[in-house]
Structure formats: C-alpha cells, structure tokens
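Colleague: Take a look at what Swiss-Prot says about it:
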type: DOMAIN; residues: 4-134; note: domain 'RNase III'
type: BINDING; residues: GLU44, ASP120, GLU123; note: Mg(2+) binding site
type: ACT_SITE; residues: ASP48; note: active site
type: ACT_SITE; residues: GLU123; note: active site
type: DOMAIN; residues: 161-229; note: domain 'DRBM'
Amino acid sequence: MTQPRQALLDAFGVDLPDELLSLALTHRSYAYEHGGLPTNERLEFLGDAVLSLTITDELFHRHPDRSEGDLAKLRASVVNTQALAYVARNLSDGGLGVYLLLGRGETNTGGADKSSILADGMESLLGAIYLHHGIEVARQVILRLFGTLLDAAPTLGAGLDWKTSLQELTAARGMGVPSYVVTSTGPDHDKEFTAVVVVMDTEYGSGIGHSKKEAEQKAASAAWKALDVLGGVGKTSV
C-alpha cells in the first residue's frame, strides 16, 4: 500500500484490505477506461444507508423534543452532497479527491473536486468500512468525521447552502450581510471563477470553482469555518 493511501486510511482511523480500498476509490469513468472494472457504486449504495441510519439515530437521541419534521430538516443539513463533499475536502492534505481513481475525461475536467464525485466517494468508503469492520466501527467513524456538522445542524440550511448559512450567522452576530467579489480567468469554454467573501470590510474566505455559484459557495464555506462556527457553535463573537 502506498503512503498516500495509508494517509487516507489514517484520516478515517481504520485499516482496509488493499482490494477493498481500491474498489471504494474506483469511479465508473476509470472502470470504463480500463476494460470494465468493478466500480464503487455498490459500496456507495451501502454507505449511503449506513450514513443515513447513523445520522438519523444520533439526531433522534440528541434532540428528544424535536418533531419528525424538524429531525428530517436537521438530517437534510448533514446528509447531502455538499456536506459529504465538505467532509471529503477536509479529510487530509489534498482531501479525498487526490486518492480517487478517475478516468482521463473526469480528471481533465476537475472531477477530483466535483462535489458529486467526492460525495459518492465518501459514501463508498463508509460502505467499505461497514463491510469490513461492522456497524459500530462505521458509526464511530461517521460521528467523528461529521461531528462538527452534527453540532452545527440547527444553524445550517437544508442542503448545506453555505451562503444562506453564513448570512444567517452574520445576521445573528450583528455583522451585516456578506458580500462577494468574483473574478474569472480563462477562455469562455473553460473559465475558472474565484470568489472572496467580505464581512464588515474584512475578507473571511475565498473559493475557486468552474462556476460563479460554486466559487461563492466555497468562499462562504471557508468564511463560515473562519468564524469558528465549526469549532464552537453558538459563539456570539469572532
């Protein structure tokens, strides 16, 4: 096993057999280009169920007074593509994307940082962990990796809309409405956008994406983290 892959396993806090880990990292684009190898989609299916059950159970016990509808909204703020991608990007140096096995086409179009691909990869790895170690180990891994999002669930919008969540946070702290400065580079068919979020004349985060929306969401995510929401939900000062 290469050191980079061991670093990924260290981020999850588990060991996996080489064959199972490789399968969990194999995107269908890579499998297609290599003669129809097995893909990580079955593991993704399994991991999605394990993640949903674990988060649902945790929220049920954390919030005994919440209604079914409220619990569903809290779960939606944690179990969604953007939340999974957020965790994936912060796993280790370079995030999950650098470990994924992608086809040339996906690689050339930035697939290693596409939220949907990162989310699918997270679910497939969680499925692999469940398959090899069982539900209790998988549960512990999920609660550790998603713990800060679980803590912050009451402050997040459904679908982890970082711009909305950041605006709600700054409003609650009397910091006004965030503004975004967006620039772009590259030809029309392959533009790259950079967004910087400013709150009270101070830059709190930046993000790069293949669309203005993606760049702004990443910038808002960085700003939300910079304001210590993830490190201390409920703080009233920066």
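Numbering starts at 1 and runs along the chain as it is shown here.
Every residue, even glycine, has its Cβ placed from backbone N, Cα and C.
Provide an account of the burial state, proximal residues and distances for the features listed.
Modeller: For the recorded site, ASP120 (Mg(2+) binding site), the DSSP three-state label reads helix. For ASP120 (Mg(2+) binding site), the number of other Cβ atoms no farther than 10 Å from its own Cβ, over all displayed protein chains, is 26.
Within 10 Å of the Cβ of ASP48 (active site) there are 19 other Cβ atoms, across all protein chains.
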Colleague: Average the pLDDT scores across the domain 'RNase III' (4-134) and report the rounded value.
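Modeller: 93, rounded to a whole number.
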Colleague: Cβ distance under 8 Å to GLU123 (Mg(2+) binding site), same chain, sequence separation 6 or more: which residues?
Modeller: LEU43, GLU44, PHE45, GLY47, ASP48, LEU51, LEU84
Colleague: Give the residue counts of the domain 'RNase III' (4-134) per reduced DSSP state, in the order helix, strand, coil.
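Modeller: Counting residues by DSSP class gives 95 helix, 2 strand, 34 coil.
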Colleague: DSSP helix, strand and coil counts for the domain 'DRBM' (161-229)?
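Modeller: The breakdown for the domain 'DRBM' (161-229) reads 29 helix, 23 strand, 17 coil.
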